[in-house]
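Colleague: Sharing a structure below in structure tokens format, with a few things to ask.
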Amino acid sequence: EENGHENKRLKRDVDEEDVEDQNKKSPKRKIVLLMAYSGKGYHGMQRNVGSSQFKTIEDDLVSALVQSGCIPENHGEDMKKMSFQRCARTDKGVSAAGQIVSLKVRLIDDILEKINNHLPSHIRILGLKRVTGGFNSKNKCDARTYSYMLPTFAFAHKDHDVQEEVYRLDKETLEKVNKLLACYKGTHNFHNFTSQKGPRDPSAKRYIMEMYCGEPFVRENIEFAVIKVKGQSFMMHQIRKMIGLVIAIVKGYAAESIIERSWGEEKVDVPKAPGLGLVLERVHFEKYNRRFGNDGLHEPLEWTEEEEKIAVFKEQYIYPTIINTEREEKSMVNWLNTLSIHDFNSSVVGMQANNKNSKNSSDLEGSDGCDDDSD
């Protein structure tokens, strides 16, 4: 027995020495991780340290980083020590196919495999790249691309009796949708597309590079389409309101002129499409890539080799979650039924009541994580 205890103690001492040796061999380095996740059941990406009531994606990520030995356990509670920064904050229920986080880690052997072994299957680390010591994934990001997957019956005119599973989007309606989405391109004052920003707030001006709806496709007998939007940054609710207003116009509830009017000083009642379907597709680092991508020391932050893994993850985890939740919970059908109560020529008084209601809503959109966009 004594020999047994002695052997266990010796083994423990050897294990601790191995960890110390591993730490010496694995100095901390600044890296970025390419993440994909299905956001259903999570209260967004960003951690709320000290609040275990609302589970976030980062809770699972930090736990996996500690358990795999990439970061010291005592740093798990304070990720600032690891210079941790997410590129985009996605909110409750929002998924991501190309989220980027930057942090310092110990570059252990088989690092991706070891981190993924401690993550649930609906959260994956798909890639890793070394970056400059001063790199910050939020500040160095030039643009973000989101997608929004929705059933095409959302575009059926309000005067037509529509059976959801039978509806198919015709070419003329798709052209109208794309003509309206293209109106958003350029720099506009989006104060009506978020809450708590006045028309003269400079931060309400946002630059949209592209926005379009792709060709429809059928899944589980329902026809869906995907809207893509690329912009420098987005405010809370902005994307969902941009899409909500286009749906209201195509369905015949609002005139086309309302888009132009919404950029003016008056308050306009802009409906907010459901959060289900919103996905952070990718983040762009064009300036960083031009400066450091070909300096011989760092790689450009492009993920062409990971594209196939991203596509497989979306097909396996993101799209089925959106489709099944839509079928079970009918979030789009229920939301479309509320469009008739919006007053698209409403006064400021009407809007104040509407804003009060929207502030009470706990359903949040994925915004870009800038300080002025936090909830």
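Positions of Cβ are set from backbone N, Cα and C atoms, glycine also.
As listed in TrEMBL for this protein:
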REGION    1-25  region 'Disordered'
BINDING   TYR146  substrate binding site
DOMAIN    184-286  domain 'Pseudouridine synthase I TruA alpha/beta'
REGION    352-375  region 'Disordered'
COMPBIAS  365-375  compositional bias 'Acidic residues'
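Explain the structural surroundings of these features, please.
Modeller: Other Cβ atoms within 10 Å of the Cβ of TYR146 (substrate binding site) number 26 in total over all chains.
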Colleague: If you average the pLDDT over the domain 'Pseudouridine synthase I TruA alpha/beta' (184-286), what number do you get?
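Modeller: 95, rounded to a whole number.
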